[in-house]
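**Student:** According to Swiss-Prot, the record shows the following:
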| type | residues | note |
| --- | --- | --- |
| COILED | 61-87 | coiled coil |
| COILED | 126-268 | coiled coil |
| COMPBIAS | 203-219 | compositional bias 'Acidic residues' |
| COMPBIAS | 220-238 | compositional bias 'Basic and acidic residues' |
| COMPBIAS | 275-287 | compositional bias 'Polar residues' |
| COMPBIAS | 303-321 | compositional bias 'Basic and acidic residues' |
| COMPBIAS | 355-366 | compositional bias 'Polar residues' |
| COMPBIAS | 368-377 | compositional bias 'Acidic residues' |
| MOD_RES | 2 | N-acetylglycine |
| MOD_RES | 27 | phosphoserine |
| MOD_RES | 37 | phosphoserine |
| MOD_RES | 196 | phosphothreonine |
| MOD_RES | 218 | phosphoserine |
| MOD_RES | 283 | phosphoserine |
| MOD_RES | 284 | phosphoserine |
| MOD_RES | 288 | phosphoserine |
| MOD_RES | 293 | phosphoserine |
| MOD_RES | 327 | phosphoserine |
| MOD_RES | 336 | phosphoserine |
| MOD_RES | 359 | phosphoserine |
| MOD_RES | 363 | phosphoserine |
| MOD_RES | 368 | phosphothreonine |
| MOD_RES | 388 | phosphotyrosine |
| MOD_RES | 390 | phosphoserine |
| REGION | 1-42 | region 'Disordered' |
| REGION | 2-168 | region 'Interaction with CAVIN1' |
| REGION | 62-100 | region 'Leucine-zipper' |
| REGION | 200-238 | region 'Disordered' |
| REGION | 262-382 | region 'Disordered' |
| REGION | 396-418 | region 'Disordered' |
């Protein structure tokens, strides 16, 4: 662009120079006297020449401008292509970077997995090392024991054979009475075991001669006999133990123990005394000749704050309590005493029941009414004794005949008011 402007200036400068030169030329002419027609023609020619030159210069300048614009357009087109190429290369670089990031993530995952596996392998290697160290220690111990056995010449090899087993006499055990004897017996058993182990043949069956085969047959027969004897002894011992366990004495002892646990000895003696027919309770001198009487009459004065109805209810409550105590003692006696004693008690109860029935028939005739105030405690004692004995007899009758109804003694109170 700068060069084109300089060239345009050059084209303009010569035209201006020509114009300057042309007007200077007529300056000397005034000395001469030219004609005015000639002067007009020369000026017109000069103007035409200047116009032609200006048109040419403008045309050339326009051509140059067109060329310059074409060049600029080409340069811009090239720049656009280069920019497009740069954008494609940048996109390719971005794709490569994304691929690299993906590869890096996958490699990081694989590296983490490898690290975990390496840790596990290291843990396994440590465990293996520990096991190997333990095995080395055990091997060293075995080597030491082996060396000691070889030095002592006590190296033994035991081969299990179904036909030739260890004799049963070695395994027979007797009861140990004391600690010292037990130690001696253990030492003897160990010696016998060692002897039998030494006697075991280690050679194969092919190398044995016929005489040794005969000896083995005899040994097998002896072993079978010893086994049969063992089985017989064990069975006899078991039978004896069962007989002892289920003997009558052991059962009686166990029953007595259970009875003592349920009922104490003192209580049992009291129950026995109460069941014996010859046993008689102490009674007052003024009592009736018959022990059991279903009817009894007593007299009491009515004191202050008490009524006849309250006295009757109290006496009935006492009668019920006595009956409950009698039935409870009889139940305990049946649970604690053995079968033989229970049979005897049942017979005694039958006898006493019969006596009670007989006495009940005759006691209806003897009814005493005491009216003296001084004999009131004696009458109370008699009434309590009659209640106790009648309750006992009724309980015995209930044991023999549960279907019969209980006969309650009728207590009749005669209250006198002064």
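Numbers here mean position along the shown chain, with the first residue as 1.
Backbone N, Cα and C atoms are what each Cβ position is placed from, and that goes for glycine too.
What you see is a predicted model, and the numbers here were worked out from it, not measured in a lab.
Walk me through where these features lie, including what they touch and how far apart they are.
**Tutor:** On the 0 to 100 pLDDT scale, the coiled coil (61-87) averages 94 in this prediction.
Broken down with DSSP, the compositional bias 'Basic and acidic residues' (220-238) shows 19 helix, 0 strand, 0 coil.
Other C-beta atoms found within 10 angstroms of the C-beta of residue 218 (phosphoserine) number 10, with every protein chain shown included. DSSP assigns residue 218 (phosphoserine) to a helical segment in the three-state reduction.
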**Student:** Per DSSP, what is the residue count of the region 'Leucine-zipper' (62-100) in each of helix, strand and coil?
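**Tutor:** Taking the region 'Leucine-zipper' (62-100) as a whole: 39 helix, 0 strand, 0 coil.
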